[in-house]
């Protein structure tokens, strides 16, 4: 039997507490956005195509981590016995890095899109971006990081030590490579986001007296994207310190800092629905209308049904 203390601490409690709140809210926003893209032209832009892909990545990242931790407790024997045939241990180990890379790539793409729309709206490249088809956005969002992940995070030698612990047994060189590559990718993504935001701020300062309402709307979407960038910085700092303590052999600090991985990793996904609610007024307003409208139609249908039944009863009398 796997010890709960081995796989759950107070940071996991925070993760699952936030997960239970964020997951249904995020999924609701995601479903409503899909419906809006079919009927509302304003949500058929490249930005919302990127946002949909990023929401999918966030939902998968949150769900997969939760499933992994719960499965350690509920089905430890199955996981241990099938680890070689189903490659469960390598998948569980590598998936952390897969979705860090995918989501980091998504944040960089959305930030670059904000830069092009606000700072270079009339450029040829910006015009091409605005006319990009959703399937092209899908390919740009997923293909590069998936190819990157398959190259750097495809080690199938990872194993669990025992059914009681289910700790990953990983080659030292694999751990070092995985961490360094992840840090490098996060660093490049953060530099891209930082440079884009600096240029956006510079543009705002230079054109503060002539910013139109449409640009103000785009700036709110920029704020929506900037907070995931901040979460990405937190994750980068976590990875740097974890690697630093590992190199210096500071075992006590390694154990201590690894306890914060659920929060550092989860923050990159948890923050997205909050920023949508805070800064994406157009989307949230439409979501409210869809929800209230559905409730109103349900009430109206029920009232009509009651009225119809009442009239039938009166006629029978």
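The backbone N, Cα and C atoms fix where each Cβ goes, and this holds for glycine too.
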Quick one: sort out which of 46-67, 288-309 is the transmembrane segment according to TrEMBL.
46-67
Cβ under 8 Å, sequence separation of at least 6 from the ends of the transmembrane segment (260-280): give me the contacting residues as numbers and ranges.
11-12, 14-15, 18-19, 22, 25-26, 29, 54-55, 58-59, 61-62, 65, 96, 100, 103-104, 107, 220-221, 223-225, 227-228, 230-232, 234-235, 238
Is the transmembrane segment (134-154) packed against any residues at least 6 beyond its ends, judged by a Cβ distance under 8 Å, and which are they?
46, 49-50, 53-54, 94, 97-98, 101-102, 105-106, 109, 177-178, 181, 185
Tell me, roughly as an integer, the mean pLDDT over the domain 'G-protein coupled receptors family 1 profile' (25-317).
86
What parts of the chain pack near the transmembrane segment (46-67), using Cβ distances under 8 Å and only residues at least 6 beyond its ends?
15-16, 19, 22-23, 26-27, 29-30, 33-34, 37, 95-96, 99, 102-103, 106-107, 109-110, 113-114, 117, 129-130, 132, 134, 137-138, 141-142, 221, 262, 265-266, 268-270, 272
